[in-house]
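Here is what TrEMBL says about this protein:
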- A:Lys206: active site, proton donor (ACT_SITE)
- A:Leu9, A:Gly10, A:Leu11, A:Gly12, A:Thr13, A:Val14, A:Gly15, A:Gly16: NADP(+) binding site (BINDING)
- A:Lys106: NADPH binding site (BINDING)
- A:Glu191: L-homoserine binding site (BINDING)
- A:356-432: domain 'ACT' (DOMAIN)
There are 2 protein chains.
Amino acid sequence: MEPVKVGLLGLGTVGGGTLTVLTRNANEIARRAGRGIEIAHAAARDYNPASIEGLEHVGRIGDDAFAVVDDPEIQIVVELIGGYSPARELVLKAIANGKHVVTANKALIARHGNEIFAAAQARGVMVGFEAAVAGGIPIIKALREGLAANHIEWIAGIINGTGNFILTEMRDKGRDFADVLAEAQALGYAEADPTFDVEGIDAAHKLTILGSLAFGIPLQFERCFTEGISKIGALDVTYAAELGYRIKHLGIARRSPGGIELRVHPTLIPERRLIANVDGVMNAVLVKGDAVGPTLYYGAGAGALPTASAVIADLVDVVRTLTTDPNNRVPHLAFQPDELVDTPVLRMDEIETAYYLRLSALDQPGVMARIASILGEEGISIEAIKQKEPGEGETHVPLVMLTHRVIEGRMNEAIARIEALESVQGAVMRIRMESLSG
Amino acid sequence: MEPVKVGLLGLGTVGGGTLTVLTRNANEIARRAGRGIEIAHAAARDYNPASIEGLEHVGRIGDDAFAVVDDPEIQIVVELIGGYSPARELVLKAIANGKHVVTANKALIARHGNEIFAAAQARGVMVGFEAAVAGGIPIIKALREGLAANHIEWIAGIINGTGNFILTEMRDKGRDFADVLAEAQALGYAEADPTFDVEGIDAAHKLTILGSLAFGIPLQFERCFTEGISKIGALDVTYAAELGYRIKHLGIARRSPGGIELRVHPTLIPERRLIANVDGVMNAVLVKGDAVGPTLYYGAGAGALPTASAVIADLVDVVRTLTTDPNNRVPHLAFQPDELVDTPVLRMDEIETAYYLRLSALDQPGVMARIASILGEEGISIEAIKQKEPGEGETHVPLVMLTHRVIEGRMNEAIARIEALESVQGAVMRIRMESLSG
């Protein structure tokens, strides 16, 4: 059978990786897909031909991405440019032209996925986006197909490798955030502008997608709560460890009685959980289904070849189902398009979690009692409280507390009252805590 | 749209669980699948109606499985009887009748899968078997679809929950095999006759299936090497821990230059590997692909509801692709049927691994040197050697060694020579060792 003709937009890291893997494993991929996959037309600006294995097998290379999307010979368009524009216009044009699309663009799907999937549905084409979440880990497929029997209760994922590398280094070496960030930038694990990664925006894009797949709700990136890791101190990592916890930057999506939780923030989790031991740049997603219980998916969340693995898995999926009746394909967001529901996404102050609190208090009798009584008045139970040794000649001591679960709004009140105490110095450090068991 | 009519063979643990999940999550499953799934006809002997949630939704229940398979109303047959016969006859009859099949029967697929898939291919129907390996973990789907871009290098799996429970208890409590086995039997984690689980036969069935999916070879259960965990002593678990290793009962499938390795045996693995921390009855499969690197899939490997999760995922897959052209479906063994290759499966004595050796030697000068020199003569390098303290009044001391990688045939020679020494008492305990890194 004739090879399937694919158009490739972008020859950067992932585009180059995709060509490399398609070239190296051409025979094995064709033996699985039933047909060869040929990159017949590619478009890119500013790429380095010498660094890309397999470039010689590309039919035609130009610099006009719209020419690829309009090329009548092309059946599937792979979008690896990234960003919102012109990626959105290109993808919509490809769909309008009746072409299937595969993309690794998490920002695009998180923000414009509803529009893109509606267009694809109307035109009867597929849009694959396995590479948009957790790189090479087939987590989209697991949620959309492998766990289709389940009422999904919650998802908790380490879905940004840069952040996980930084937190792992902070723990292993007792170093501070800024120090490790500089090293990660030098190693190429972090961008020159690290905001996207360390402030949780990248993770929020991915979590938005996972939440929709799990709960059958439209994509709503703007409702995802996001807090970064830049305020975590070496002290917090140490204290957490002393209490039997690790700090991970988690994306958490959960069904709760009032609605859906979508939140990215640093989180204390028990060190004995498997996911607490996912270190360095690796990613992992823990999914709790009512029938299957907890399942975990672990692997490389970024990088040229792992991301290419997911892009090509989508290509093989499309090739295998190229002639399928469009009404009998796997729906983009796991649920049939007319079966999505608009369960509200909760604000962070409506959400219940447990907390780790660290503050600096005057080393005097009665101070701890005053703080405990404020928490009690706000309905917050204390699970553990530890006063650390004061530094030489210091009048204030670090106080660390773990609380039971409480609505964040109440915790905000309590923290405001504690910070207003004269005996308390500076801000209260607050890190949310999850058992990941129920 | 009309619900899809399914026939169910068997109302035991998994059959009952499947009905329960189909009933509880009926609405959510239909929203994903695009149609309802109705158990229109079931057959079972000796089931307990009071214990099965959802039994009232079954159209018709009889005791004749062949009547279900021959029922013209039924589009998909779910086989949950287990064993070879009459499961094989029923599945082949269902296929001959043009019905799709979903099964959780690992023994059936491992032994008769080639015949069953050929029949299904010829008749244009699907046979789903996600539940046959690692219960609720969607590992079949990951290998067959999610990792389709990769040249798979190796797989290492904890794929028998009973065995993993026993090894975990032995480590946590310093107890002996027989002791923990008795407890596992009392808890219902181990069968009255535990041979199938603890001697690795169940794991070998599953590994046979994983190996075929990974490497595109026909199923050949009879070529899978199998060694159980019943000879592992509490001492071995302790010594392994002292050296930084855990003992897990692994199924390993690997491509090596001479052919395919398919082997189930106790294995020392570094304690820092994520899979080394998979404890209790949980399962996990670690897959190394050339593009994606290592990925790991973790979850419940058995039990009514987790297994039902996988059975129903297959049902949803079949429902979603019911009208698909048979030539455009995902091939049963990941590779197109005419693309399977007959790469030879190696004998165990042709396979290279590292080893942990424990033996009891006379506490005299020169004995250790004699043993080391035998190993040297056989081309075996020693990585570590530890002589333990002798017991009160004992003339022999335990000697523990870790070796570098060597062909097992050479190791067999060396062990025979060491056991023949007068200064060595009894047999040499040998446990294979894998780094799971490369």
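The backbone N, Cα and C atoms fix where each Cβ goes, and this holds for glycine too.
On a predicted model such as this, the values are computed, not experimentally measured, just so you know.
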Extra residues within 8 Å (Cβ to Cβ centroid of A:Leu9, A:Gly10, A:Leu11, A:Gly12, A:Thr13, A:Val14, A:Gly15, A:Gly16), NADP(+): A:Leu8, A:Gly17, A:Thr18, A:Ala44, A:Tyr47, A:Leu80, A:Ile81
Binding-site residues near A:Lys206 (active site, proton donor), in sequence order, restricted to A:Gly10, A:Leu11, A:Thr13, A:Lys106 and a 10 Å Cα cut-off: A:Lys106
Of the binding-site residues listed as A:Leu9, A:Gly10, A:Leu11, A:Val14, A:Gly15, the one whose CA lies nearest the CA of A:Glu191 (L-homoserine binding site): A:Val14
Mean of pLDDT values spanning the domain 'ACT' (A:356-432): 94
Cβ atoms near A:Lys106 (NADPH binding site) (within 10 Å, other residues, all chains): 25
Among A:Gly10, A:Gly12, A:Gly15, the most crowded of the binding-site residues [Cβ within 10 Å]: A:Gly15
Secondary structure at A:Glu191 (L-homoserine binding site), reduced by DSSP to three states: coil
CB contacts for the residue listed as 'L-homoserine binding site' [other CB atoms within 10 A, all chains]: 14
Protein Cβ atoms within 10 Å of A:Leu11 (NADP(+) binding site), excluding its own: 25
Rounded distance in angstrom between the Cα atoms of A:Leu11 (NADP(+) binding site) and A:Lys106 (NADPH binding site): 18
Helix, strand or coil at A:Leu9 (NADP(+) binding site) [DSSP, three-state]: strand
Helix, strand and coil counts within the domain 'ACT' (A:356-432) (DSSP): 23 helix, 34 strand, 20 coil
Cβ neighbour count within 10 Å of A:Gly16 (NADP(+) binding site): 24
Rounded Cα-Cα span from the residue listed as 'NADPH binding site' to A:Gly12 (NADP(+) binding site), Å: 16
